Amino acid sequence: SLSDKDKAAVRALWSTISKSSDAIGNDALSRMIVVYPQTKIYFSHWPEVIPGSIHIKEHGKKVMGGIELAVSKIDDLKTGLFELSEQHAFKLRVDPGNFKILNHCILVVIATMFPKEFTPEAHVSLDKFLSGVALALAERYR
């Protein structure tokens, strides 16, 4: 679980990186579909599933909007992300294992874009936070 120190670190990092959240989302999703091509199946309804496409950019923006929501609900992710969990479980039917894959891609992109801010301490706190987000999103699968 997230300590007060972790929550403060996530909030501090988010205040810096949120201005670039659209680019982070685009880069993370683009990376995910290249490194983990099996994830493309969730986007087969798009005319093209290629890095940097308009659909990837739009969905990356949505994903990062979800991360922003999670930051604002950091004290109770399970309740705060209930509707997103329902949507992913029952409407989108995303395998919850893919949340971990996308989390990894988000971490890589943030580390690349913000090397100074992505300290080892920020890394561990953000990783714990994203793991908490994945767990909260998987809640409705049970």
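Start at 1 and count along the chain as shown; that gives each residue its number.
Yeah, the Cβs are placed from backbone N, Cα and C, and that goes for glycine too.
Pulled from Swiss-Prot, these are the features on record:
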BINDING   H59  O2 binding site
BINDING   H88  heme b binding site
DOMAIN    1-142  domain 'Globin'
MOD_RES   S1  N-acetylserine
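Overlay of Swiss-Prot feature records on the structure.
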residue	record	contacts (Cβ under 8 Å, 6+ apart)
S1	N-acetylserine	G132
H59	O2 binding site	G25, L29, F43
H88	heme b binding site	V94, P96, L137, R140
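When the domain 'Globin' (1-142) is classified with DSSP, helix, strand and coil residues number 110 helix, 0 strand, 32 coil.
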